[in-house]
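Below: one structure, written as structure tokens.
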């Protein structure tokens, strides 16, 4: 029944969103000194999850829809419950921990090897007929790569004497570096965060109106609680009225919305360009999307620590690269389809991931869940406007001219690609404005080469 399918889709999509947000927020709070790296790893694994399920569906489940549904219904919950044994509350490190860095590097390497292997297996399965024995061997290797990061919690669980002491918390606790030579200070992560009391001229112009208001009230006036400043913990309603909040949302909306338009229509794009089998095209975009997600976290983390360069600068760079990719799509030069698809996949991964640590750095982690969830609305809104309305209308109009329901030729998406190129050009301009606005924030947060929480005072 259609209504049963609708209910199933609603439950599935909402459960996935809730689970994804919970995992991301938890890990961002557990590792606040490595926000870009954490976001890159989590979003990277999310990006290649579809390829993992495709391999399982092809090699293990024998391309049976009923077996796939049974696996998703029973197998996934059982695996999740089994993995919960290794989940432990932890105290975020007070400074740079070399063991944590090694664990991150190991996880990144494992994810890269998994992605390369999945792409290879997909191509082999598409070109060669495999026996059951070979299929099971290939699948076993996939599972080995997939489960290899589990060695980290296993080691820390079984060999606690050699691991850092883990203390249960009433909520998560954030021990962040206060700068070079300064003693570490324990700041409760889930309690109301404090704002900076001595940031000098950095905030003077932004909050001059507060001083003027107090002076106008005269003697005996009741001092109001000051609002949080960028880099501190915002409530959603406080972040909602900030220009930087909306600039970040619009840049994310323009970048991810244009990228998801190609992702949603990639099979039709391939057929319109004369590609009979679009499996490799889809696999290429998926792999490059993973590279962009993982690489954006590592790259932005390096430069924000060494040069205090805001992550939004990389959003501007990738939006410019997306303009080039869309122009290549529109011009339809021979041999550029796969190049533009790979370039767009990488840039889409960058856009999708960089918003996460940027939002946490500008507006804090205390209410990061709801702020992040609102930012994510840029994805479906972009898909509705650019993919459902723009691309759908242009495709149908060109198909009607050809007298068929299927459109063939570069003109099927040419107008769409030129419009998306203009949209990404606008996004790059706005992201540069945002970068200029928030550069002082990053200079303050990463002045010591590592994220530091401003000194606290009630607000």
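Just so it is clear, glycine is given a Cβ too, placed from its N, Cα and C backbone atoms.
Unlike curated records, TrEMBL annotations are generated automatically.
Here TrEMBL gives transmembrane segment for one range in the set 217-236, 337-356: that range is 337-356.
Mean pLDDT for the domain 'NFD4 C-terminal' (242-442) in the predicted structure: 93. Outside the transmembrane segment (99-121), and at least 6 residues removed from its termini, the chain residues within Cβ reach (under 8 Å) are 31, 34, 37-38, 40-41, 44-45, 48, 51-52, 55, 59, 93, 138, 141-142, 145-146, 148-149, 152, 164, 283-284, 286-287, 290-291, 294, 298.
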